[in-house]
Every structure is written in structure tokens, then in C-alpha cells.
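Annotated features, as they stand in Swiss-Prot:
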type: MOD_RES; residues: Thr186; note: FMN phosphoryl threonine
type: TRANSMEM; residues: 19-39; note: transmembrane segment
type: TRANSMEM; residues: 41-61; note: transmembrane segment
type: TRANSMEM; residues: 79-99; note: transmembrane segment
type: TRANSMEM; residues: 125-145; note: transmembrane segment
type: TRANSMEM; residues: 220-240; note: transmembrane segment
type: TRANSMEM; residues: 248-268; note: transmembrane segment
type: TRANSMEM; residues: 271-291; note: transmembrane segment
type: TRANSMEM; residues: 297-317; note: transmembrane segment
type: TRANSMEM; residues: 321-341; note: transmembrane segment
Amino acid sequence: MFKMVSSPHTHSGKLTAHIMLWVILAMMPAFFTQIYYFGFGVVLQSALAIGTAIIAEFIAIKLRGKKPLNYLSDFSVALTALILAMAIPPYAPYWIIIIGTLCAVLLGKQVYGGLGQNPFNPAMIGYVILLISFPLQMTTWMPPINLLQEPPTFSDTFSLIFSGLTTDGFTLSQLTHNIDGITQATPLDSAKIFYKSHNQLSDFYELIKLPIFMGNGTDFAQGWWQINVAFLAGGIFLILKRIIHWQIPVAMLVTFFCLATATAFTGFTHLSAISQLVSGAMMFGAFFIATDPVTASITPRGKIIFGALVGLFVYLIRYHGNYPDGVAFAILLSNICVPLIDHYTRPRVSGYPTKGRK
């Protein structure tokens, strides 16, 4: 006896859980690179985020009258939590990541019905809520630990996150007292602050003398470009594994690079276009966030348009907005446009003539 089931009758064999695990695996080079340059904070933030996400998802699914284990086993909520944990400052207070994770899971995902129903990237919903609500905590970054006289140990990190003090009673700002105060911001923050009072091209050489930059005549920032390269390597791995498509990251990066390069010829002072590509969350966003299959465009041409739109928004925010990075806002703004993009880029159905032809 044959059993009738709905289409599709053949599929790639890639289960949701397998895809999520591949993405998590591809993030590991950047995860360990972040530990190397910024300490153990990301480990504790990830543990808090994943634990909070699992509990929140369990309760939400239970309240909807469904079996939580059937949904938790796809690892999607763990990936959301890990993305958020790697996006916030590693030494942010513990309540920051808990609030952000709850917002990501409940407001960014479950309120729409769960996995596959959300129109916006859940991790970016949580991140943007935190950035708007707690700007001080979300913009206070520890400089690379190799610049510190006494890098925080694991116990210091635990104490900083949960009490705001190290085991010896020092605050985060006191740990960096021997470094220029601007280094508690990211390189993009530092550049935006610097160029508000320095608008000459010659002032570029004053900027790159700051401790967070390499000190070899370039504007590549210590720790940040290495993390971005690690995300790039992980992203290429996902493309080769056919977990993600190349159109979105390539369109995003090329669009931003072209606009940033063109702007440089107008005399507008900022970090170089190459440095911008390996600063902030550029590679993270291009390969691991913008490519979310639920919230991104699904058509071949739509992916290119969507990626280019993200790149355009990142450029506008970084160069002309108040926020130094802009990747999270750019992705959410582009998510809004996805239904329209997909509507106008639908492939022609086989056997049907194109519009205007008989």
C-alpha cells in the first residue's frame, strides 16, 4: 500500500539541525580568535546566551501547547544565541546578554510563530534593542588584551561580568588606564569620533598612531581584522559546503567597497575601504547574519539585490549616520524589503510565457 505525501518528494538531505551545526562549526575560527584577542568574555557570554535561549524557547513552545524537545533539537536557538553573544562587548554585564537573548527569542522569533515564521533576524532584533536601550554598555569594548599590562584571567572575567570588578577590585576602565581612553571604543567608533574634529587627509596619520591600530602605517585594527578574516574563512567554508549562497555576501561586500572607494575620491575622511571590510561586524554580517535563509531573499536575482541593499545601508550608516557600524540596522532594514524583492524577482514558471510575450 502506498502512502500519499505532499511535495517535495525529493530533497537535498540537509536537515535543519545539520545546517545549524555546520554554521556553528564555521563560526568557531572567529570564536577562538575573539578569545585570543579579547579574552574569555565571549565564552561566558555564549554560555549565558545559550542557556537563556534554551529556557526561553522551552517555555514559549510549552505555552503554545507543543513539545519543546521537537523544536529545540534543530539547534536554531543555540545559533541565534551564539550570534548575539559574539556581537556584544565580551565584558558587558551579565544582564545585558540575558535581556538581549530574551528579546531575540521571544520578540524576534516566537512572537511570529517560531522558526521559519519570523520576518526579521532574531539575533539582530535582540542586538538593536540592546544598542538603543543600553548604549553605554553596548559601546564599551575592552582593547585587545595584548595592550593591557595585566590581562584579565578567567576568574577576573567572571567577576567583571557578574559584579563589574575583577577579583582584585579593579573596574574595566581601570584595567585600561595605561592606554588612550578612546580604545574602549571599537576602531570604527574611534575613527568616527576622531574625524569629527579632524577633517584633513593628513590627519589620517594621527589616527593610526592610536594603540588599537597596527602601528605599521596602515589603518588595520588589532584583533578586529583577524576576527573578520576568520569569519571570511568560515563563510567561504559554508559556500563550499553549499550551506549558504555566494550572492548575498558578495553583493553586500562589493556594493559597500565600491561606494566607500568612490567616497574616498571626494575627500571624505574615514578608514580606508579595505580596512572597513575587516572592521566591525562586516564579515560576520555578510556571511552569517545576512544569509539567514528565513529572513533573506530566496530568489537568485533577489539575493543579489538584497545583498546590495544591505551593503548600501551599511555604507549610509557608517559614513553619514550616528552609529559607527550599522550592520545590524542594515540587515533589519533590508529584511523589511524582502517580500517586495521576492515578488519582483520571481523566476518564470516553466511552461508559461514571460510577461508581454505570446
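Placement of Cβ uses the backbone N, Cα and C atoms for every residue, glycine included.
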Could you check if the transmembrane segment (220-240) is in contact with the transmembrane segment (321-341), meaning 3+ Cβ pairs under 8 Å among residue pairs at least 6 apart in sequence?
no
Thinking of Cβ pairs under 8 Å, which stretch from 41-61, 297-317, 321-341 has the most of them with the transmembrane segment (271-291)?
321-341
Top stretch among 19-39, 297-317, 321-341 for CB pairs under 8 A with the transmembrane segment (79-99)?
19-39
Mind checking which residues of the chain, 6+ beyond the ends of the transmembrane segment (248-268), have their Cβ under 8 Å from one of its Cβ atoms?
201, 235, 239, 274, 276-277, 282, 285-287, 290-291, 296-297, 303-308, 310-312, 314-315, 319
What's the number of neighbouring CB atoms sitting within 10 A of the CB on the residue listed as 'FMN phosphoryl threonine'?
22
